[in-house]
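Quick one: the structure is below, questions incoming.
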């Protein structure tokens, strides 16, 4: 109907689509933003990146997209601040990297959790800082009291009491999922984090196609018909062979003498003097170079034939 807007289906949250969005954002950030003309584009791009990452994250942890985050009641009462600590089981799993699992590459996993739950998620306590020397220097200083505690995740939220309790409960459930170690090779969240890190570094490649050159060659092979050809014979290079003898051979002269010595009836002319029969009389001299001495001689059909039926000279001679 007229006036209705056509709603297009949103692209599926795939790693390739996320990589395209990341590349677009990187390209847009490199362009000069005169008078804020890209503000709306940047906002839409950030929203799409957030949607794709959210769907991929939910598919990874829950198996399907969770829609409960938008189901919040209306605010009732004043703003309240709630918080809860979840201690990391580092004593039970001393070799497991819980901090990297919670934060993700460049903090993307923690930011995704914050966007979904509406809570502030921070890693605190011993071992929460990457720089161990800096952690020891800050221990005991003001605002660094948490370094004296065991490693934990601090979840805080500010909202009305009824809404804050729902948000905090959801955040605690999501963080508890991250505190359960997965077997090596079966950690889907870790695979997603490594994929995101490769996208950010520009080193992500599709696992189905190893390289663009290989994909192009496979497509060309599938479309082009296959032609079976026989083996190519090994022959000497024709360009290196002398196209014609460098000097006239004795064959035309012998044929001319033999023809003139015969009568019309086929009998020898009485006045004709035939060449004496010597061992050298049957030799035809072909002056080829030594490397081509074993090559077959040029066929006599390559020489011109005059009107009398006698083979002509290979090269014209001066009369």
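The backbone N, Cα and C atoms fix where each Cβ goes, and this holds for glycine too.
Straight out of Swiss-Prot:
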{"type": "DOMAIN", "residues": "87-153", "note": "domain 'KH'"}
{"type": "MOTIF", "residues": "276-279", "note": "motif 'SH3-binding'"}
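I would like each feature placed in context: is it buried or exposed, what are its neighbours, and how far apart are things?
Per-residue pLDDT, averaged across the domain 'KH' (87-153), gives 90.
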Give me the DSSP three-state residue breakdown of the domain 'KH' (87-153), ordered helix, strand, coil.
30 helix, 8 strand, 29 coil
